Amino acid sequence: GRCVCRKQLLCSYRERRIGDCKIRGVRFPFCCPR
C-alpha cells in the first residue's frame, strides 16, 4: 500500500488524508489507506 494523490476533492472513506500534493500547480489530497 502506497499513498497516492487523488485528483478529486476527497479521499475515500477507507482512506485518510495526510497532506496535499501539487499537480501542475493545483493542490490535491494525498491519501493513505487507514
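Our numbering is plain: 1 for the first residue shown, then up by one each step along the chain.
For all residues, glycine too, the Cβ spot is worked out from N, Cα and C.
For Cys3-Cys32 (among others), the entry in Swiss-Prot reads disulfide bond. Cys32 (disulfide bond) falls within a strand when secondary structure is assigned with DSSP.
Counting only same-chain residues six or more apart in sequence, the Cβ atoms lying under 8 angstroms from the Cβ of Cys21 (disulfide bond) belong to Cys5, Arg27, Phe28, Pro29, Phe30. Look at Swiss-Prot and you will find Cys5-Cys21 (among others) tagged as disulfide bond, backed by similarity to another entry.
Residues or ranges marked as disulfide bond in Swiss-Prot (evidence: similarity to another entry): Cys11-Cys31 (among others). Around the Cβ of Cys31 (disulfide bond), the same chain contributes Cys3, Val4, Cys5, Arg6, Cys11, Ser12, Glu15, Arg16, Arg17, Ile18, each under 8 angstroms and 6 or more positions distant in sequence.
DSSP classifies Cys3 (disulfide bond) as coil under the three-state reduction.
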